[in-house]
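Colleague: Quick one: the structure is below, questions incoming.
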């Protein structure tokens with residue numbers, strides 16, 4: 001196949017991300033490592049054996065996410081150049097690309113550094129993934145409306161997703177602190193435990209945060225459906241001598 005429509009990249013990312021969370025949650029809950037109700041996303045991939053699956057699949061998500069960010073950047077630059085936009089729009093696109101790549105790096109860090117192993121690095125990765133993801137979504141929503149002329153309904157949808165993601169991001173640590181977290185290794189909360197309600201709210205908003213960003217990436221399909229990606233081609237750029245064959249002039 002010489003080319004494929006780019007809309008399938010964010011769709012594939014969401015499918016893989018959902019599969020990652022569903023798989024790690026299923027393994028961790030069946031193994032009894034986390035509570036069946038209201039575990040944090042990272043908790044479902046902290047202990048073995050689910051940490052192995054969680055890390056491997058989440059690394060793939062990070063790679064696919066970085067590819068989506070880069071492909072969107074190429075699409076954005078193409079439209080900016082053909083619309084003869086001013087230079088600040090080019091700079092804005094490059095800043096958006098950098099933020100998106102940092103967010104993808106954060107996902108990989110979360111995958112490789114479990115909270116029970118290196119908490120500080122894990123939290124750094126989570127900050128890059130979620131905070132960077134929020135900033136990336138906001139920048140992308142702004143540029144698609146004011147630089148690329150996206151329809152008002154799409155801009156409204158993306159703005160609502162950004163708002164939901166930011167609010168959820170703020171409430172996750174607020175309710176976690178009220179619940180008296182965090183404890184290591186992951187604590188299995190019971191309904192009668194002190195702070196259970198705040199814990200449940202914190203976990204719920206973390207899943208809302210992840211879901212809103214996943215849905216936001218899915219909205220990229222509207223623009224990317226009109227663009228294709230060509231397969232990599234290998235071309236000879238210089239003459240190669242055949243071993244054992246005399247190529248000197250006679």
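A Cβ is built for glycine as well, from the same backbone N, Cα and C atoms used for every other residue.
Here's the feature list from TrEMBL:
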type	residues	note
DOMAIN	7-226	domain 'CWH43-like N-terminal'
TRANSMEM	15-41	transmembrane segment
TRANSMEM	53-74	transmembrane segment
TRANSMEM	95-115	transmembrane segment
TRANSMEM	121-142	transmembrane segment
TRANSMEM	154-176	transmembrane segment
TRANSMEM	196-219	transmembrane segment
Colleague: Over the domain 'CWH43-like N-terminal' (7-226), what is the model's average pLDDT?
Modeller: 90
Colleague: With pairs closer than 6 in sequence left out, are the transmembrane segment (121-142) and the transmembrane segment (196-219) joined by 3 or more CB pairs under 8 Å?
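Modeller: Contact confirmed: at least 3 Cβ pairs fall under 8 Å.
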